[in-house]
Amino acid sequence: MSTTTLTRREQRAKAQHFIDTLEGTAFPNSKRIYVTGSQHDIRVPMREIQLSPTLIGGSKDNPQFEENEAVPVYDTSGPYGDPEVAINVQQGLAKLRQPWIDARNDSEELDDRSSAYTRERLADDGLDDLRFTGLLTPKRAKAGKRVTQLHYARKGIVTPEMEFIAIRENMGRERIRSEVLRHQHPGMSFGARLPENITPEFVRDEVAAGRAIIPANINHPESEPMIIGRNFLVKVNANIGNSAVTSSIEEEVEKLVWSTRWGADTVMDLSTGRYIHETREWILRNSPVPIGTVPIYQALEKVNGIAEDLTWEAFRDTLLEQAEQGVDYFTIHAGVLLRYVPMTAKRLTGIVSRGGSIMAKWCLSHHKENFLFEHFREICEICAAYDVSLSLGDGLRPGSIQDANDEAQFSELHTLGELTKIAWEYDVQVMIEGPGHVPMHMIQRNMTEELESCHEAPFYTLGPLTTDIAPGYDHFTSGIGAAMIGWFGCAMLCYVTPKEHLGLPNKEDVKQGLITYKIAAHAADLAKGHPGAQIRDNAMSKARFEFRWEDQFNLALDPFTARAYHDETLPQESGKVAHFCSMCGPKFCSMKISQEVRDYAAAQTIEVGMADMSENFRAKGGEIYLKREEA
């Protein structure tokens with residue numbers, strides 16, 4: 001762990017340099033490929049890992065090799081993963097989805113911003129130096145129209161976004177011919193429906209049923225379509241955002257790009273400090289993945305941090321502000337009801353959700369019902385006009401394993417199920433947020449309760465952390481729970497970094513959290529039996545057995561760390577072709593010995609076979625030519 005501490009000025013300067021010098025970059029021995037669709041000019045980006053050939057025989061002077069197929073993998077890095085694309089953070093990313101949105105002809109550009117706060121910020125000349133220069137003119141659904149992917153799915157329409165997703169979810173596995181790589185153990189899916197091939201129609205059907213969501217605000221055309229649902233690959237979210245204590249716009253944009261490089265399927269901007277509006281604009285215009293927020297955080301800033309002073313009007317203005325910037329999903333704590341708050345009184349750790357505690361304080365101070373619950377239909381109307389998905393927040397999630405699975409937690413969950421049905425009346429897409437801190441033996445009940453209470457809407461959980469004794473290592477404690485609940489059916493896992501409970505994560509913390517959660521998500525996909533999930537594992541195992549060190553590094557989730565660990569003890573180039581590593585050395589490597597046993601067994605088989613043929617030859621009289629027997 002690095003002990004170097006940078007000053008705030010140095011941190012900002014470093015982030016600014018990262019942004020100024022940013023260019024599309026591929027992982028080692030990987031290249032960007034695009035898989036085309038049947039319509040809509042769809043080009044789905046993937047990363048293809050090139051592999052070296054296997055030595056199968058021959059001599060030192062004339063070796064014989066067998067080619068190994070390149071392995072395609074899911075890629076969240078967007079244009080940042082393509083060396084052929086010119087990157088300019090000042091201009092933002094290309095608007096991939098704009099032609100699809102325009103072709104539907106059900107939205108229109110606004111003459112002015114709907115949010116009073118946005119109009120106020122735009123009129124402030126003092127913010128010019130902070131403002132993103134290429135502001136979009138926001139769109140909204142035409143009168144009487146709904147522009148959500150759920151609306152289209154229910155109408156039987158397969159959108160370009162759905163076809164894009166179908167290609168992406170198949171991960172290019174149709175390109176793989178090797179039976180060794182295609183081999184896969186049957187999974188245990190706990191009722192998940194996993195087709196051998198994901199089609200656009202299957203995507204449409206899952207969205208129409210509410211079992212999956214496509215977070216895709218019409219004002220975020222830069223995003224590459226992705227899907228969150230139990231019957232698809234398990235996804236991972238990364239949290240970024242400034243606070244009143246630390247971080248800047250430059251650092252948050254850097255963390256966004258860094259997150260997509262290391263596999264974040266979505267990113268939540270949880271900023272609570274200065275310039276929230278301006279920071280979010282920079283993030284959205286440069287994000288190839290969906291962006292989520294917790295609007296109550298910014299609404300609280302607008303009333304100077306005093307929860308009691310929150311109003312529906314201030315919150316509504318915040319929803320409009322963020323929807324017209326392009327936020328793809330809102331976390332809304334509408335299930336924290338007044339009558340549930342006393343249920344938390346006997347908890348060891350009370351209410352640990354920021355949003356949940358804000359709304360609980362408001363309810364108690366006014367002795368009124370949660371205004372998010374009271375105005376939920378109006379929230380849905382706003383979301384339907386921009387296609388903002390709802391992530392129904394678990395404001396009463398347990399903050400310690402002692403409080404897991406209690407009355408408050410499940411009471412709120414049941415209310416979230418009721419709100420889900422209301423949102424669906426407006427064709428608004430919904431996912432459900434979950435805990436939290438839950439010991440391993442109590443995790444599965446959370447998934448079962450969510451499926452039953454929330455009508456199979458996608459589940460999105462923070463971990464859960466399986467023990468409370470490891471500050472500094474909570475990416476491990478939560479990664480265990482994340483892998484388990486992903487296997488049981490959770491659709492998206494919110495990462496936890498090593499800084500959880502300790503401080504705001506930096507760039508390296510973001511990477512550590514994401515790698516941990518990509519492992520958890522992939523382990524869950526393997527356990528569920530997601531088609532094609534084992535291809536990369538098989539390729540890695542084959543490379544490992546054949547001592548193809550470069551391929552092992554390049555197939556890893558983190559090639560740089562894998563290479564660095566190997567080179568700590570065997571830095572020479574000869575170490576990259578050696579048939580051993582520093583753990584066992586040349587005489588005790590199990591795989592080298594296994595290869596020798598295999599070669600010996602093959603030789604013995606040949607020798608025994610020759611002996612059998614010799615005996616057969618003698619038994620028939622030792623004649624070179626035998627007479628053909630008469631029929």
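Even glycines carry a Cβ here, placed using N, Cα and C.
Fair warning: this is a prediction, and the values are worked out from it, not measured in the lab.
When Swiss-Prot records Asn239, Met268, Tyr297, Ser353, Arg354, Gly355, Asp394, Gly395, Leu396, Arg397, Glu433, Tyr460 as binding substrate, the matching candidate from His183, His185, His333, His501 it lists for that site is His333. With a 10 A radius on its CB, Arg397 (substrate binding site) counts 27 other CB atoms from all the protein chains. Using a 10 Å radius centred on the Cβ of His437 (Zn(2+) binding site) and all shown protein chains, the other Cβ atoms total 25. Here the Cβ of Tyr460 (substrate binding site) has 27 other Cβ atoms within 10 Å, regardless of which shown protein chain they belong to. Reduced to three states, the DSSP call for His501 (Zn(2+) binding site) is coil. Taking the Cβ of His501 (Zn(2+) binding site) as centre and 10 Å as the limit, one finds 13 other Cβ atoms among all the protein chains shown.
The Cβ of Ser353 (substrate binding site) has 24 neighbouring Cβ atoms from other residues within 10 Å, across all protein chains displayed.
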